[in-house]
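In what follows, a structure is listed as C-alpha cells, so that the remarks can point back to it.
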Amino acid sequence: MSARVGRTRRVLAATAVAVAGTLAVGLAVAAPSSAAAEPTLGQLAVAKGRYFGSATDNPTLDNAPYTAVLGSEFNQITVGNTQKWQYIEPNRGRFDYSQADKIVEFAQAHNQIVRGHTLVWHNQLPGWVNDVPAGELLGVMRDHIANVAGYYKGKVVHWDVVNEAFEENGTRRQSVFQQKIGDGYIAEAFKAARAADPNAKLYYNDYNVEGIGPKSDAMYDLVKSFKQQGIPIDGVGLQAHLILGQVPSTLQQNIQRFADLGVDVAITELDIRMRTPRDAAKDAQQATDYRTVTNACLAVTRCVGITVWDFSDGYSWIPSVFPGEGAALIYDENFNKKPSYWAVYEALGGTKTTTTTTTTGNNGTGCTATYRVTGQWNGGFQGEVTVRNNSSTAISGWTVKWTLATGQSLNQVWNGTLTANGQDVSVRNANYNGSVAAGGSTSFGFVGSWAGANPVPAAVTCTTA
Ligand code: G3I
C-alpha cells in the first residue's frame, strides 16, 4: 500500500478508542533493541580518542542482565567500593584483594581499562587508622599505597590517589591524614603512588569542583604547586554528581584551565539526579544535561573520558543518600536505555537508528515494535518496523504508531496499511500478516522523506487487535 502523509486522514473513531484503552492499561516495559549493528558508548568514545565507563560494585556481578550491559557497553570500569581502605586493609598490615580482584578480573575479561578508587580518603576508613599515633600515620599511609598500587601495578591505568581533601570553601578537610600528617600528606601520597606504579596515571579526585569556584580554585592551586615542585600528578577527576538542570556553566572553561596546567581531566563519577518519579520533561532535561557534560569533555583534548557512577537507576547510591531523588543514570531499573543514554550516544557521534517500545493488549497479549532506519540518503530514507509477539498467546492483528518529526513524511508503506493524521502515523497489519504466533515476529517497511534531520521517534507503540 502506498500513501502520502501530507494529507490528513481520519483514524476510525472506534479504533482510536480501542487503542487509547489499550495504551491506558499497557505496560510501558521496553524490550532490548533487536538491532545488533549499533556501536556501544565505549566504541563511540574510542573513535573520539576517549573512554566511556561505569563504576560497579561487587554485589551486582552476579546479576546476569546487569553484567551483560556492563561487559559490553563500556570500555572502562571504576571499582566503586572494594578498593577502598576499609575493604583492602581492614586490619593493619593485612591486605585483602579478593573483592576488588573480582571487578578487575571482570574488566580484564571484557577488555576494559580500570580506574582504581581510591588510595587515600577520609571515608570508608577502618577504625584502626584513626587510632594510629601521629608519628606513625605517614608510614602507614605510605605502606598502604605501596601495597595496593604495587599489587595492581600494570592492571590499574588511572588511580584516584587522594579523594575529597577540600571543603566547599577551599580549605583543607580536617581528615585524620590532614590532622596527623599535615598539609604535606597529599604530596607524600602522590610520591608513594608513583614509586609503587610508575606507569599509572595519578589523579586527585573531588566533587563540587566541576565549575569554577572556591573548591575548584583550591584544587587548581594544588595542581599548580605540584607542577612547580615536580610532585608527580597526571590528572584531576571531576566527580560530577550533578543535579537536574544545574550543570555548571563554567564546566568546559574549568576543564580547560586544568588542561592548561598540563594535567589530564576525567569526569569520574557522573550522575544527574532528579526528584522522582521521572517524567518526560525531566528525562528531556536530563538528556540535555548529559549532552552538555559530554560535549564539554569532548571540547578539551585533555579530557580523557567519562565514567558514570554505575549505569542503571536500580543500582545508584542516590536514593539512599538523597531520599526522594534518583533516576540519575543512563539506563532505567530494567536496563532500558533512557533519553540520557541517547544524548551521550549522539554527542559521541552515534546516529540513533532504532527505537523499541512494548505495550500490552487488552486481552493480555502484547507486542513489541522495533523501528529501524535501514538506509538513508540526502532527503530520503528507508525504514523497517519489526513487530514481535512477546506473549505466550497468538495475536490476530496489530497496530504500530509513532509521530514523525518536523520535515519527515512517509511516502510508501509495504506489508502494512498506513493511516496518517498530520505527523501522527499509524500502520495496521495487512490482511495477510496480522496473525503472529507466540514469540513470533513479522515486519513492515517504508520509504520516507526528511529535511533538516532524520531522528528516530522517541517512542513507537505497538498494540494488539
Ligand atoms: O557492605 C555493607 C553491607 O555489608 C551492609 O549490609 C550494608 C548496610 O547498609 O552496607 C554495606 O556497605 C555500604 C557500602 O556502600 C557498600 O554497598 C555502606 O553502608 C555505604 O555507606 C557505602 O556507600 C558508598 C559510599 O561511597 C560511601 O561513602 C557507595 O556505595 C559508593 O557509591 C559511594 O561512592 C562515593 C565515591 O567513593 C566517592 N565520591 C562520592 C561517591 C558517592 O557517595
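Going from the start of the chain as shown, residues are counted 1 onward.
Keep in mind that glycine also has a Cβ here, set from the backbone N, Cα and C atoms.
What TrEMBL says about a protein is an automatic prediction, not a curated fact.
What TrEMBL annotates here:
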type	residues	note
SIGNAL	1-30	signal peptide
DOMAIN	55-347	domain 'GH10'
ACT_SITE	GLU269	active site, nucleophile
DOMAIN	360-465	domain 'CBM2'
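Helix, strand and coil counts under DSSP for the domain 'CBM2' (360-465) come to 0 helix, 64 strand, 42 coil. Counting Cβ atoms from all protein chains shown, the residue listed as 'active site, nucleophile' has 25 others lying within 10 Å of its own Cβ.
In the predicted model, the domain 'GH10' (55-347) shows an average pLDDT of 97.
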